[in-house]
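Chemist: Copied straight from Swiss-Prot:
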type	residues	note
REGION	33-391	region 'Disordered'
COMPBIAS	54-63	compositional bias 'Low complexity'
COMPBIAS	139-150	compositional bias 'Low complexity'
COMPBIAS	151-166	compositional bias 'Pro residues'
COMPBIAS	234-252	compositional bias 'Acidic residues'
COMPBIAS	263-278	compositional bias 'Basic residues'
COMPBIAS	294-303	compositional bias 'Basic residues'
COMPBIAS	314-328	compositional bias 'Polar residues'
COMPBIAS	371-380	compositional bias 'Basic and acidic residues'
DOMAIN	468-641	domain 'tr-type G'
BINDING	477-484, 527-531, 581-584	GTP binding site
REGION	477-484	region 'G1'
REGION	502-506	region 'G2'
REGION	527-530	region 'G3'
REGION	581-584	region 'G4'
Amino acid sequence: MNNEKVRIYELSKELDLENKDILEFCGQLSIDVKSHSSTITTEEADKIRAIATQKRPQAPKAQRPQRKKKQEILSVQHQPQGAKPQASKSESADANHPTSTAKKLERPKLQSPPSRGKETPAQPEESPANNGAKAEPVAKTTSPKAEPAAPAAPKPKLMGPPPRPTPKSSAPKTPDASPATAETSSGATQADVRAKSLSKNTAEAPAKAPKLRPKPQIVGTVSKKPTPVQAIEPELDEEPDTNNVEGDDDATPEVLLAPPKRPAAKPKKAIGPKPSKRKVWEDEEEDESESKKTKTSKLKRRPVVIDDDDDDFGTTTNNNAEVPSVSLSIARPPKPKSASSSPSPSKPSPSKPKKPAAKRSGSGGSGQSQKEQRRDRPDVKTPPAEITLTETMTLREMADILCIAETDIIRRLFSKGIAINITQTLDYDTAQMVAEEFDVKVIAPEVKSAAEKSTEMLDVADLEHLQHRPPVVTIMGHVDHGKTTLLDSIRETKVAQGEAGGITQHIGAYHVDIEHNGKPGQIVFLDTPGHEAFTAMRARGAKVTDIAILVVAADDGVRPQTLEAIRHAQAAKVPIVVAINKMDKLGAEPDRVKQELSEQGLVPEEWGGETIMVPVSALKGENLDTLLEMILLVSEIEELSANPDRLARGTIIEAHLDRARGPVATLLVQNGTLRVGDIIVAGSVMGKIRAMISDRGEKVTDATPSFAVEILGLSEVPAAGDEFEVYSSEKEARAIADERAEGKRQSRLQQAMSSRRVSLSSLSAQAQEGELKELNLVLKADVQGSVEAILGSLQQLPQDEVQIRVLLSAPGEISETDVDLAAASGAIIIGFNTTLAPGARQAAEQEGVDIREYNVIYRFLEEIQGAMEGLLDPEEVEEPLGRAEVRAVFPVGRGSVAGCYVQSGKVVRNRMIRVRRGDVVVYDGSLDSLKRVREDVREVNSGYECGIGVDKFSTWKEGDIIEAYEMVFKRRTLAGRTS
């Protein structure tokens, strides 16, 4: 504190005040502090010390009278009958004793303790000059008792006396002293001794508690305060139990009359009381007394001792003027007896409401009590009202989320015909069903667009090393609107001629060198497919792009994939540049295109919007320079940058399995520099880069930001769209890859289980309709993106009656292993833009495996749908034949014959008829007899009359309508039953 700065909490310790009191003084003195850890200057500290001696917070003032009553009642019950007359005195003295008085007595005691003789009562009277300000409050407390006590009160009895080795000798003198002297001196010694004993207990109680239980002893203690004093520890064992300390204060008035019964040789030195915590101490004391009543535990718990210490200071102040030190020392020993042997009947009543808290906080530190505390702590969780399921989870995780037992979930699922164990993973649908079974609402997670950028490639460390990078431009739009042709015109190549069917079916990444403002520059173009099946590819292209070029044909306008491309670009939050293509055609209507785009929120600049629209002709190469200039202009506004001086990060654009080179992946480097020999992790795939090839087929040694290259050296084909990162440590990279691979494996197993899982209800339904049909497929494609597109298209096919099971889907050529798998499972091999390995076709012919090859996704989907329909059993449907009206009824034998006129179609013998009378069908069955002019005929066409007879129906009436129909078998479709 002699330094230039003083902390608030140090000042509060010095003044024996709480931190909040010091903060109040700071507020009054306009000293800017934030908390108890704030620092102030020594001058400001002096001001606070000055005001602290004059004015202290009086918040606890109103609490003292109430608490004093509690102590009085409790003390009366615990102590002998002789204490009652003294209780009234203590009550009046406490009521008249202000809160500020207690606080004012704190500091002088500790900082300037007077030396005194062995006799405790007489010693406080020897040093009245140390703190005249504090003697005045003491006089107030003693004044109700007697006039002779008033002169003794001004003397600083409560000021901390120096430690003395032999306080016991003063104890016998205390009972012999005059009443006035005993009361006044005991007020000081009582508070002194108790506070000191409590502070002593904080440090030494754990070791001395067992010794002091049978008999109170005087032990020298070192107080928390600067001045060391000696304290009596008659019940150190009880002190951690706050009720003992409180009991002393409560019982102090009554104990005064019974000193002869106790060994009164234990005077207590007064230490500055802290009345501000008295209320807390009293509550804990009551709790502790109740806990001791039910169970004896003498071990100390330090947190409680600290609270008792502080609170005890406050309570002793109230009884300062009345209680001699001898009576206090006598009062403390009986507490353990009442707690251990026979609890006093009076104490439980006020502390009963706090009994549970008492057991937990201060009943002792024994292992048995801790076990009881754990048992008494029922950790019962209630299920949440609603949960959000974002991914698959194990049954145990689901049980934790729902706060229910795993066995309950297993039981519920088993009752629904789903057998599962505790380690299995629940798919989303099953988890949702489980939650609903337990009345927990499931909130569907917010579906994020696949084009939304989820990962920030730049780190904080990169911000100081950023450099400009070329823009990545994605060409998007509807199929056949000229995206690849536009890119060809820019690159002056012929990519589109090599596309099957003239449509792009994978992403191509290309670099274009251009000159802008006299400086060479580069643009990286990503060409995405426009067919509806390649939504994932378009989303992936938009996710990694900086600028999106939306190609719209001037003669076709906005189409479905155009709208989807707009949504992808908006989800990725990238600027859009519209290229209105095919301006060289006669039917070009650029204004109509602009109008349609305006309806989608893309208003051209010439119309007052912010979207750049450039009319171009990809075939003739018209206006391409303007388009490139606009791209560079937008890229300058975007301020594209990256840090090339770090390990590379980026995204997998495409991946496939090459027959000669193995797994090949096309990467877009988004940050850092990729080099040959780097350890790379892409999703769950790890590898070491053996070679890198540019888009023009040239080998390169490194790839800077915004460059797309093909790499060789991966362990397997990664998933397109996965992000990759280069690691300096192969061990770290392998650990990350293995962890991701395990998660992917679990997910794949769960999907396989969910696709094969059947419930009891579904089994019964299949038993009624026949076995559920399955179409097994082995799918091989050229690149990973094509595999994704095909799988997505297959999932959109209706599979209510025929289920598609893809046993294997991977990029690469068709091998003999694939043929063996198809032969064992009765599957069809689908090859998309791929070839057959040597020996695969011969093996397929020997095994009788059907291999279908496609290069356009349209035909593939049509044939797959036809194969699924071929597995369906033909359906018998009703086909109408004709309609006739009954105009006469002729009785024949026992029955009758209807004379009819065929109104439409024809009526055929041995076919089915339905007789309607009004809106009611009176007969539905076979037509047994058909005659025309008394001759049996096979059929009668419309416009002719005929006679119709039925063996099982003869109640014809004129006006009946006869509907003729027949049942025929027709091929069923996946859309539904044929009608």
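Residue numbering: from 1, along the chain as shown.
Using the three backbone atoms N, Cα and C, a Cβ is placed for every residue, glycine included.
Tell me about the surroundings of these features in the structure.
Modeler: In this structure, Asp480 (GTP binding site) belongs to neither helix nor strand by DSSP; it is coil.
When pLDDT is averaged over the region 'G4' (581-584), the result is 81.
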Chemist: Using DSSP, break the region 'G4' (581-584) down into helix, strand and coil residues and give each count.
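Modeler: Per-class counts: 0 helix, 1 strand, 3 coil.
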Chemist: Going by a 10 angstroms cut-off between Cβ atoms, which of the binding-site residues Gly477, Asp480, Lys483, Met583 has the sparsest surroundings?
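Modeler: Selected from the binding-site residues Gly477, Asp480, Lys483, Met583 on minimum Cβ neighbours within 10 Å: Asp480.
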